[in-house]
Structures are given as C-alpha cells and as structure tokens.
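Visitor: Copied straight from TrEMBL:
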- B:35-54: transmembrane segment (TRANSMEM)
- B:66-86: transmembrane segment (TRANSMEM)
- B:166-183: transmembrane segment (TRANSMEM)
- B:183-488: domain 'NADH:quinone oxidoreductase/Mrp antiporter transmembrane' (DOMAIN)
- B:189-207: transmembrane segment (TRANSMEM)
- B:219-243: transmembrane segment (TRANSMEM)
- B:273-298: transmembrane segment (TRANSMEM)
- B:310-331: transmembrane segment (TRANSMEM)
- B:343-362: transmembrane segment (TRANSMEM)
- B:369-388: transmembrane segment (TRANSMEM)
- B:438-458: transmembrane segment (TRANSMEM)
- B:478-502: transmembrane segment (TRANSMEM)
- B:514-536: transmembrane segment (TRANSMEM)
Amino acid sequence: MADSSFPILTVTAALPAAGAIVTAAVPAARKAAARYTALAFSLGTLVLSLITLFRFDPQGARYQFTETHTWVKSFGLHYDLGVDGIGAVMVALTALLIPFVMLAGWHDADPLEDVTGPNRRWRPTQGFFALILAVEAMVVLSFEATDVFLFYIFFEAMLIPMYFLIGGFGDRAHAGGEEEASRQRSYAAVKFLLYNLAGGLIMLAAVIGLYAATAKQLGTGTFALQDILNARASGKLDLATSTERWLFLGFFFAFAVKAPLWPLHTWLPNAMGESTAPVAVLITAVVDKVGTFAMLRFCLQLFPEASKWATPVIMVLAVISVLYGALLAVGQRDIKRLIAYASVSHFGFIILGIFAMTSQGQSGATLYMVNHGISTAALMLVAGFLISRRGSRLIADFGGVQKVAPVLAGTFLIGGLATLSLPGLAPFVSEFLVLVGAFSRYPALGIIATLGIVLAALYVLVLYQRTMTGPVKAGVAGMSDLKARELVVVTPLIALLLFLGVYPKPVADIVNPSVQHTLSDVHKTDPKPALEAKK
Amino acid sequence: MSASAIAPSVHSLWTTAAPATEKFPTPHIEYAQLSPTLIVFGVAALGVLVEAFLPRKSRYTAQVGLAVVGLAAAFAAIVALAEKGYGTTKAHIAAMGAVAVDGPALFLQGTILLVALVAVFTFAERRLDPKAHGRHVDSFAAQGSAVPGGDQERAAVRAGFTTTEVFPLLMFAVGGMLIFPAANDLLTLFVALEVFSLPLYILCALARRNRLMSQESAVKYFLLGAFSSAFLLFGIALLYGYAGTVSYSGIASVIDGTAKTTPALASSTQNDALLLIGLAMVTVGLLFKVGAVPFHMWTPDVYQGAPTPVTGFMAAATKVAAFGALLRLLYVVLPGMRWDWRPVMWGVAIVTMVIGAVIAVTQTDVKRLLAYSSIAHAGFILAGVIAIDKSGVSSVLFYLAAYSFVTLGAFAVVTLVRDAGGEATHLSRWAGLGRRSPLVAAVFAVFLLAFAGIPLTSGFAGKFAVFKAAAQGGAMPLVIVGVISSAIAAFFYIRVIVLMFFSEPKADGPSVAVPSPLTSTAIAVGVAVTVVLGLAPQYFLDLADKAGVFVR
C-alpha cells in the first residue's frame, strides 16, 4: 500500500507540467534540445506512472496514494487526489502513449519554423512539445482527481493547449492547398473548442447545482467525492429525484461530448482529420478517454439512481454510435477521417460496456479504453507516416504500398486488425467482454452491436486493400520504408497489443475490484448467469 | 446608526420646535475615516494648482508623481481603516449620515484606487507614438482642434501646451467614484455621480487620434449620461416624496413600516406608486452606468471613441463604482422591496447576458468587442447581485476586483498594436499577431481566456463565485442562461485568438510598439492579478467575504 509521505500522484502530474515550462524555455535555436528535454520528461512521467501501477494493491483500499488538501475553501474545492485501479491504469496509458506521440511528431513543427523570418521569440518546436506536456499534465490530473470541481477545472483547462495543438500545428497536406488547409484547420480547432466548452459549461451549471445542493443539506458546500458519497450513505445528503436527474444530465452531456457519443460526435472527424497524426492520437487515445472515464467515476458514483434511469436511452445512443460510426467509416475517402469514425464506433462500445452495469461490461469497457488507446495509436501513427510520405490523406492517392514499403504495410495491417478486434490482439478481449456484458442485460442491443464488428472488418480491410495492395500508384513508387525512429514508435505498441491480447490478466486484475466498487455504488449486481462475479 | 440620519422633513411644521442644537447640529466630519477620499480630492485640487503655477516643462513629472503618490497614500489609508476594523466591527456611517464606512465601501474603494493607480501608468505612457514635432506625445490631444501631425498641433506643441490636465481630471473622477459606492443618502449619491461623470465626459473627448470619433463619443456619453442623471434625480425626488427623507436607512425603515409616521407623511407612505416609480428611476440611472441592457447603447461608441487608456480606466473603475452603488441601494434601501425588483432584475440580467454575448459575436473592432463583452459581464455580475444574501455581495465584490484588472490589462494591450494611423483596432489587422510578437499575443490571449472564464484564470473564479451565489439564492435558471451566454461569449474571444495565432500575418500588418516601463507595468499587473486570483483566490475571497456586510 501507499506510503502517504511521498505524493507520487502530484509528482506524476507536476513532472510533465514542469517539463512544459522547461521545454518552452529552451532557446529558439536549440530545437533538438527541446525535443529531447520533452521526451525525457515524458519518460520520467511514464516511470512514475508505472511505479504507481505496480505498487497499487488491487485488494487494498478503493482509492490509493490519496492526497488531501483544501485549495479554495469558499468554493468547496479540494486538491484531492487518489487512484482506483481504473485511474491507475488510465494514468499509465496516458504516460505510455505520450512518448510515442512525441517521437512520431518529432518533426511536425518543422514546417512552421521556415515560414517566418528570423524571430527570436517564435519557437514552434518548443511550443509543440510544451503543449503536449501540458495536455499530459492536465489529463493525468483529471484521472487522479477525487474532487468533482478539481476534475472539472482540468477537464476544461486541457481544452486550451489541445486547441492550440489542433489549430496551430495541424495537417498541411490538403487537397485544396495551403490556404484551404489553414482554413480547415482553424475551423476544426474552433469546432473542437466550442463543442467541448459548451459541454463543459453545461457541466459547470451542474457542478454549481451540486454545490448548492450540498451547501443546503450539509451546511457547507463540498465537492470532495468521498465527502459526498459518505453523506449520501449516511442519509445526510438526499438529492431529490428530479435534482439528481438534472445534475446527472449536466455531467453526462459534457462527458458525452468529450467521449464522443452520437449525436455529439461531429467535432471529432474534423479535429482528427485536420490535425497531424500524433495530435489526432492525443485527442482520441488520451483526451477523449477522460470522457468515458468520468462517466464511470462521476456519473455512476454521484448519481446512481439517475444513471439507472437514463441507462436505456444511453444504451440505445451507444449502439447508434457503434453502427453510425462504423457505417460512416466505410464511406470515408480520407484515411484520418476513417480512423476518426472508427473511433466514434469504438467509443460507442465503451459506453455500451459502462452502462450495461455488469462486471464484464465495465471491466471490458475499462480494458477497451486501454486497448483502443494502444491500437488506435498504432494505426493512426503508421497512417501518419504513410500520409507524410505521400503528402496526401486521400485513400485514392495510394495503392500498392506493400510492394514498396513492406514493413510499413505490415505494421499498418496489424494496427488495422487490432482495430477490427481480431482474436489474439488486445481489443478482442475487451470487445468480447463488452458484448457479453451488454448481452446479459440487453440481449437485443447486444446482438445489434455485434454488427459493428462486421462493419469494422469491412472498413479496415477495404482500407488496407485500396492503399496497400494492387498496382503501385505513381506517387507511391519511390516511397521509403519505416525509418529507425518510426520503428521505435511502432514496435512497442504492436508488442503490447499482442501481449495484452494473449494475456490481459495483469490489467484485468487491477481493474476488476474497482469495477466491483463502482457496481456496488449503483446497487447493481450481475444478472443471473454470472460468469466471474465472485463479489 | 446615527440618529441624525433622518433629514428634516415636512412634519417639522407640525411638531413643536426642537432645541436649535438638534435641528441645526454642527456638522461633524470624521476626517480620519474619510481620509482616502479627502486625499484624492486634495491631490486633484493640487493638480489644478500645478497646472496653473508650475512651468510647462516640469508639469508632466509633477502631475504623474502627484497622482501616483496620492493614490498610493489613499490606498494606504484604506488599508489602515480596514486594519482598524472599520470594514467589519466598527463599520458605521460617517459625515452626518452621508457616507458609509463599511466593508463593501472599503473593498470597492481599495479596488478603485488600485485600478486608478494602474490607469495612471497607461495615461502617462509617452513612448508608443513616434515623436511628433520633436516631442514625445501621449494618447491625448494637446488642443481640442489639433489634428495629429497638423499645423495646430505643431503650434500647440511649440507653445508647450501639454496634456497634463488629464491627471487632475482623472483624480476628480476617482474621488467621485470613491464616494459613489459609499454614498448613504440619495443626494450624496447624485453628487458623487456627477463628480465622477463630468471629468470622464471630458477625458473621452481628448483622444489625440481619431478626433472626430473621440468627440462624438464624448457628446454621446454626455447626452445619454445627462439623461440618466435626470432619471436618477427624478427618482430621488419621488422617493423623497414617498419617504420624507433621502437617507438610505430612513427610506428603508419607511418601506419596512418601522419608521414613526407623522400625519403629513401618512398619505405619501401609503402611496406605493411614488415608491415604485422612484425606485425604478433610480435603478435606471444606476443600470445606465453599469451598462446593462437596455441602457447599454452608449457603451460601444464611447469605448471605441475614447482614448484607449481612458476606456480601460472607465470600463474597469466605473463598473466597480456603479455596481457598488447598485448593491448598496438594493441591499440597504430596498431589501423589503425585493419581491418587486427581483423579477425585473432577473429580466435585466438575462437580457444583458444574452444580448451582450450575441451582439459581440458580430463585432469587427477590438474596442467595440470588449465593450460588448463588458455588457455581457455586467449581466454575469447582476446574476450575483440578485442573490440577495451575503454570498451575493462578496461574490460581486470579488468579481469586480477580478474583472477590472483583466479589463485594464486588455485595453493596455490594445494600445500597443499600432500602425501609421495610431492604434490598429480593426480585428482583421490583428491577424497573425501571434507570429509577429508571440509575447504580446500570448498576454492578450490570457486576458481573453480570463474574460471567457476558462478555469485557472481570475475570470473563472469570479464567474463561479457569482453563479454559485445565484444558485444558492434559488436563481438556477439564471445560472443556466449564464453558462449558455458564456459559451456564446467564448466563441468571440476564441475567434480573436484564432486570428492572432492561426492566421498568416499580413504583409502590411500593424507593428507592436515597444512600451515604456509604464505600460509594461500596467500589463504585468493585469497578468499577475489574473493568474493569482485564478490559482489562489482564497485570500481574496475571504477578504470579500469579510467585507460583505453593509452598515445600515
């Protein structure tokens, strides 16, 4: 168990935050130094997050490594940190992906360096890596926060660096030329920000409502998750049914925008399409996970009754997400937008698992978050390497790549197969669990959702076929294969996909007790034919 | 509470004559407790003398020094008073019932003084424009008819006419603003209003560049301001007719029915029409000053035309003073009437938030954009005002302090972005500023994010405080309208950021002037307050909380 003396969670978040400042301060001419500084900080964060993960005791207290300080008393805001199994795994996933994101985006800021004249103050490379570290710090804090308001602050604040990453360092490969690319980029960045900000502000209203409710019934308003749960358990805090439902909707709306759930997903294809591949990975594999994670931690725990009330509607929306995302992915002509719609489909599965309210479903959903993070990162980053070689993201511009660049094509295939949940690769385990969980409570929805797998096979294999097989197209002919730096990015991700596909037990063991806690919060037990519910 | 608060009224005709000493008491002035205001007015008067008697060459230094020292001394006096407990335990009504010395008054006066201190720095800036006629020039016209670079200006500069009269004008305005939120009877309120408005009308007309727009803004401000003063005065007359007194506590006790009525008053105190119309008119006068819809029409024109340092000062300090006065009126005089005014104020707050945010979306000029944003912010503050409890007062106090420094800083940044015609305020000219001068653009982005209420900035802490107070006061719908207008408002703040950072710089784009330490200090203070109030607001929240009780 945790020795409470060393605030490891704070340090895990403070390290990338400090790294952002240090990286930003590196002089303009020392671009390489900036890159290595940022990478070093992200690796340090990874080490800390792994230490947390390995020292986490699944059978111990629900929240471990806890830290409690009052931040702003008048607002009931506490600096409360703590991780359950789910949180620890998500922090580790974030810390794991960031170094790969950085390595893959090693030269992403370079085009910006040249367009301006000599300017001591204009340092895009430093800015790019500092922003990534800033996002990492805020994401880590939102996974660790056990105070609703603290969570909200970082949930909102992370939009700003993310916004600059999308709008400032977006993809320059565009059919309409530089001018059009610039316009699309700002459009995508603004759309991303407005959707998420609107969601966040609705949540703010709910957060204030929660404060007003606790202040009225407990005397002093509080946002500390544990205080609120204790007060509910002891009956001191008793939210009226309608209040609870409104508050739930306020929270859920924000998370559903972030996750994203159909019909609030439309910002994602723009944002992922217009940003560079590493930033797209940051969006879908890291930042968006905060949305689904928060559903588990905050929606279900704070508003169990309302969650049960809303479950049928949310399940239907999730199934629509699964199918709609997959169908639109089939129809895409742009590689990155295709992956974005595939992600919409996958987030549908995650939400399906969460609200199935079974232990398989929720364990599956948590594993899904991890596996989706890794598999999408692999697929998207390889796609990014592919796109940067050709200077186009249109599927039609590719063909026969596997003859010219076999390693690239091979890794792309593995990433794709992971995305379609091929057995033996990690996502299969989680998708299977989610579907089992959903089926045991909502058989009809479970069956419909399986269609998503069929469609996934379609969009992935057609993508592979059109880009990699067939005759070598003109622009593809001189394409180089993966370089050493790119192999360093791809190989570990693929290794992890294989490992977790064959042996998911380590992650599952950490996650399962936390899932049980969450389920008992909503007073749900698994339906009769329980597979692994040992209590 | 002072017994002399009830002013002589009609009923004295019927009663037996009281001893002369009581009827005409010797004015008793608590000089120490009024020292902040007295210092400021004293310095203002000294400034006039400096203009009259000091040689032209040394006036600038003398005026700036005098203003800075005066404001700092007045602020020190405020701190001393607060230390002695005049904000809390020893709060009382000074100067024969005319001026309150209590928590809200001291807090707001302190804020106004600090704002004014920073504003003096921006007023005194003389490095932004290139030298004209061999001299450094500031943002103000040397003479009413002088065109920048023209013959008249040359003649004026040759003759040594400088623009140092802005400092005494500023000090008089500050003096009026100090009394405004502390005024404890309606006549003092009116006099304070005029004392701070008249210098502002003149200051608005003094822009060195864009003379016509500047004069137009002054005329508009003056005319509409005169109307609003008339409303206020008419309202005061009606309230006096209703209650037989202009003192706040006197009117409040008549409304509550606790006042001793005399036969002469009996008929008028029954007359709710007098009360309601009077109340409405006084409120209109105050809502005009805070720039709430539908009394906001002057804001964009005046903000755009006035010299930018004046706009910054006005936007920040006037709002603080006027909201202070509004709070005192609603919380001290009219709590008994809250069932009458609350629904109206609900409507005003909602319309102000929504219209301010929606119209701002279509603006193409930075100063007009900030003007509409200030309207939207007035709406957010009104949401806190309506809460009608202690947390409402303290949240509004905190919001005002947070908001005023962001505003000052933002307008100070606007003065830096210039082209050949002076400040380049059209938004299209700001394209690509982030490439040209990342630091200035980043600072402005910080201010915009604070306006938008992004967490970890002072704007968020303020917004959360007022919305929290509103929610606890049962005004949840107001909070929801508030967050929706915040989302709309975020759109146009973000648009400016997009423009600055994501657009390619134009070849003939504006340059960013390198300011003297004066403006740099003003901007740095703005950033520092924004960040500190965003990250560690507890101390200031406590301060506002302690200061949140009115004396009656």
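Every residue gets a Cβ built from N, Cα and C, even glycine.
A TrEMBL annotation is a machine prediction, not a hand-curated record.
Since the structure is predicted, the reported quantities are computational estimates derived from the model, not experimental observations.
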Visitor: Looking at the transmembrane segment (B:189-207) and the transmembrane segment (B:310-331), are there 3+ C-beta pairs under 8 A, with each pair at least 6 apart in sequence?
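Guide: By the criterion, they touch.
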Visitor: Counting CB pairs under 8 Å, which listed stretch among B:66-86, B:166-183, B:219-243, B:343-362 touches the transmembrane segment (B:478-502) the most?
Guide: B:343-362
Visitor: With pairs restricted to those 6 or more apart in sequence, evaluate whether the transmembrane segment (B:310-331) and the transmembrane segment (B:369-388) have 3+ C-beta pairs under 8 Å.
Guide: yes
Visitor: If contact means at least 3 Cβ pairs within less than 8 Å, sequence distance 6 or more, would you call the transmembrane segment (B:35-54) and the transmembrane segment (B:343-362) in contact?
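Guide: Since fewer than 3 Cβ pairs under 8 Å link them, the transmembrane segment (B:35-54) and the transmembrane segment (B:343-362) do not come into contact.
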Visitor: Give residue numbers and ranges for long-range contacts of the transmembrane segment (B:369-388): same chain, 6 or more residues beyond its ends, CB-CB under 8 A.
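Guide: Beyond its ends, the transmembrane segment (B:369-388) has Cβ neighbours at 290-293, 296, 299-300, 302-304, 311, 315, 319, 323, 326-327, 330-331, 335, 338, 342, 345-346, 348-357, 359-360, 363, 395-396, 399-400, 403, 407, 410-411, 414, 427, 451, 462-463, 465-467, 469-470, 472-473, 475, 478-479, 482, 485-486, 489, 492-493, 496.
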Visitor: Is the transmembrane segment (B:273-298) close to the transmembrane segment (B:219-243), in the sense of at least 3 CB pairs under 8 angstroms with a sequence gap of 6 or more?
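Guide: Counting Cβ pairs under 8 Å, at least 3, so yes.
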